[in-house]
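**Q** If you scroll down you'll find the structure; I have some questions about it.
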Amino acid sequence: MAELFYDDDADLSVIQRKKVAVIGYGSQGHAHALNLRDSGVDVRVGLREGSASRAKAENEGLKVLTVPEAVKEADVVVILAPDQHQRGLYTADIEPNLNPGTTLVFGHGFNIRYGYIKPSADLDVVMVAPKGPGHLVRREYVDGRGVPVIVAVEQDATGGAWELALSYAKAIGGLRAAGIKTTFTEETETDLFGEQAVLCGGVSQLVQYGFETLTEAGYQPEVAYFEVLHELKLIVDLMYEGGIAKQRWSVSDTAEYGDYVSGPRVIDPRVKENMQAVLADVQNGAFAARFIADQDAGAPEFAELRAKGEAHPIEGVGRELRKLFAWVKPSDSDYTEGSAAR
């Protein structure tokens, strides 16, 4: 069983005695910074020169500095920049400006697990990773609740890394729900596998193949869209609420019976073997090496794959159908319809 921690297991004053620099102000960065501030922590945000997020952070009343300036002021540096940017950011702006005995806090273990960032042995290195998007982390905190977090320690140079990690987790509201003890390796490998085999890669491919199967058989694309993509939210919401059993309880007997007899025909043992191969690439570093090499080259493979996905017929059909959905309101003002680019 996993080891769990709650508010009573952490001393908030530990992080309140520190000066914290949150590097990055995206989905997680803004939630961490605001929750820390509202928990009485001395926090500043480190952003690159010209960052579009500067005004947003300043409008929230946060102190905003360049990354080197923020790091120089801090006892705790929270690295929440995208995985592919962390290595360069750490080498150029963070590492040269670290104070002795600084604690590094990560929201994901990628760069530590695969060795792209190698902190010196005198630093504490911890991870506090909420299991939800930043807007939910912030909203739950404001409402007096919290999103569960996973907590790990990679280096404990001072002997106080766990105490600080739990204090930090409490400050962002995570221990109101629960903190789950893990390792950088476990978090990274399970997170990447889940994204690739199920949550992103697996589901996206399954939906596209379902759409292609129906339209190639002569069914209307609009009807196919409803059956394989639109209604997916209804099923996922039921799973989210009560697991697979709750989903099966909620659907018709016809749908439940079809689940049992046809699901294994589509997702057969070969799929599990393919999943095991994906996991192996995550474990041995092959995926990480491929991703970082492509990013270092300007991301040509990434751009090609993204463009291919955007050009799939289901995207055009969906754009037109969603115009009919008065109940669906765009939640991201900076999103361009039909594009995965950020």
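Any Cβ shown, glycine's included, is placed from N, Cα and C.
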**Q** Determine which of Gly132, Gly134, Gly144, Gly146 appears in Swiss-Prot for the same NADP(+) site as Tyr25, Gly26, Ser27, Gln28, Arg48, Ser51, Ser53, Asp83, Gln84, His85, Gln86.
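**A** The one candidate that Swiss-Prot places in that NADP(+) site: Gly134.
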**Q** If I take the alpha carbons of Glu227 (Mg(2+) 2 binding site) and Glu195 (Mg(2+) 1 binding site), what is the distance between them in whole Å?
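**A** Taking the Cα atoms only, Glu227 (Mg(2+) 2 binding site) lies 23 Å from Glu195 (Mg(2+) 1 binding site).
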**Q** Grab the NADP(+) binding residues from the record (Tyr25, Gly26, Ser27, Gln28, Arg48, Ser51, Ser53, Asp83, Gln84, His85, Gln86, Gly134) and give me their largest CA-CA distance in Å.
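**A** Answer in Å: the longest Cα-Cα distance is 20.
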**Q** Find, for the listed binding-site residues Ser27, Ser53, Gln84, Gln86, Ser252, the residue with the lowest Cβ contact count at a 10 Å cut-off, counting only other Cβ atoms.
**A** Ser252
**Q** CB neighbours of Glu231 (Mg(2+) 2 binding site) within 10 A?
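**A** Around Glu231 (Mg(2+) 2 binding site), other Cβ atoms within 10 Å: 11.
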**Q** For the C-alpha pair, I'd like the distance in angstrom between Ser27 (NADP(+) binding site) and His108 (active site), rounded off.
**A** 13
**Q** So what sits near Glu195 (Mg(2+) 1 binding site) in its own chain, CB-to-CB under 8 Å and at least six residues off in sequence?
**A** Gly201
